[in-house]
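S.K.: Here's the feature list from TrEMBL:
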| type | residues | note |
| --- | --- | --- |
| BINDING | 47, 50, 55, 72 | [4Fe-4S] cluster 1 binding site |
| BINDING | 134, 138, 144, 178 | [4Fe-4S] cluster 2 binding site |
| BINDING | 148, 168, 171, 174 | [4Fe-4S] cluster 3 binding site |
| DOMAIN | 30-89 | domain '4Fe-4S' |
| DOMAIN | 123-158 | domain '4Fe-4S ferredoxin-type' |
| DOMAIN | 159-188 | domain '4Fe-4S ferredoxin-type' |
| DOMAIN | 202-233 | domain '4Fe-4S ferredoxin-type' |
| REGION | 1-24 | region 'Hydrophobic' |
């Protein structure tokens, strides 16, 4: 009886094995060889900065036309050129980007109304409204730092995250990790950026943070038209329209709350 059971099970295993082998050959889909070639030139960081869940889906998507040839932010122009050569197309220019912290509300400038003793993550703190008077400001518990795949961030002594620009690849993981949209990507050659995301204006801002943007729109009025525009009460810098970085100096110098952060701009009087 035991022998019969063994033979029956063995026979079934053989039949199913043959069926699976036949099915694999019958329904096999040829993989585009260009996918493997693209994978060979990718940095395999699997950071998701391209919009794909990983490098392999990105390679498949590039071949299928779902993702752009220059979509790998970690690989930059060099990888874009190699992928373009594999596909026989022309590579578009890659604009290198870097992460910035759009908040100046550190322990000295932003007022706090409570002491948080719960789970030490920004997402958890955000669920209870935060501990700052500004409900849009950085929560300071380092979710962005934890999310960084390249050790390009750390928490500063003032309670705000710091980006190590030489290490930052512009993958955007920190941007996705921040529950308040504080982190942003700007071109690496951006002269300045705004250190505030609060959509409020005037006294509503100054009552809770001495460095917050009060929405006066002065910056937009003292630079060439199109360089800075107002969206609600927040100025937006259109880097693509800036012909000369020096044109943005007046915005920095005339800002009453000194909310602009200077990156690549010399001799600014603030």
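Each residue, glycine too, has its Cβ placed from N, Cα and C.
Note that TrEMBL annotation is computational and uncurated.
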S.K.: Reduce the DSSP letter at residue 171 ([4Fe-4S] cluster 3 binding site) to three states and note it down.
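M.R.: The three-state answer is coil.
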S.K.: I need to check the long-range neighbours of the domain '4Fe-4S ferredoxin-type' (202-233): which residues 6 or more away from its ends have a CB within less than 8 Å of a CB in the stretch?
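M.R.: 104-105, 109-111, 132-134, 137, 194-196, 241-243, 247-248, 250-251, 254-260.
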S.K.: Per DSSP, what is the residue count of the domain '4Fe-4S' (30-89) in each of helix, strand and coil?
M.R.: 31 helix, 0 strand, 29 coil
S.K.: Let's check the environment of residue 47 ([4Fe-4S] cluster 1 binding site): how many other CB atoms sit within 10 Å of its CB?
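M.R.: So the number of other Cβ atoms within 10 Å of residue 47 ([4Fe-4S] cluster 1 binding site) is 21.
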S.K.: Given the binding-site residues 47, 50, 134, 138, 144, which lie within 10 A of residue 174 ([4Fe-4S] cluster 3 binding site) by CA-CA distance?
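M.R.: Checking Cα-Cα distances against residue 174 ([4Fe-4S] cluster 3 binding site), the binding-site residues within 10 Å turn out to be 144.
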S.K.: Whose Cβ lies within 8 Å of the mean position of the Cβ atoms of 148, 168, 171, 174, the [4Fe-4S] cluster 3 site, other than those residues?
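M.R.: Surrounding the site, in chain order, are 99, 144, 147, 149, 150, 152, 153, 163, 169, 170, 172, 173, 175.
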S.K.: Listing them in sequence order, which of the binding-site residues 134, 144, 148, 168, 171, 178 have their Cα within 10 Å of that of residue 50 ([4Fe-4S] cluster 1 binding site)?
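M.R.: Cα within 10 Å of residue 50 ([4Fe-4S] cluster 1 binding site): 171.
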S.K.: DSSP-wise, what's the residue breakdown of the domain '4Fe-4S ferredoxin-type' (202-233) into helix, strand and coil?
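M.R.: Final tally across the stretch: 8 helix, 5 strand, 19 coil.
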S.K.: Based on Cα distances to residue 55 ([4Fe-4S] cluster 1 binding site), point out the closest of the binding-site residues 134, 144, 168, 171, 178.
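M.R.: When the Cα distances are compared, 171 comes out closest.
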S.K.: If you count other C-beta atoms within 10 angstroms, which of the binding-site residues 72, 168, 178 is the most crowded?
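M.R.: Buried the deepest by this measure is 72.
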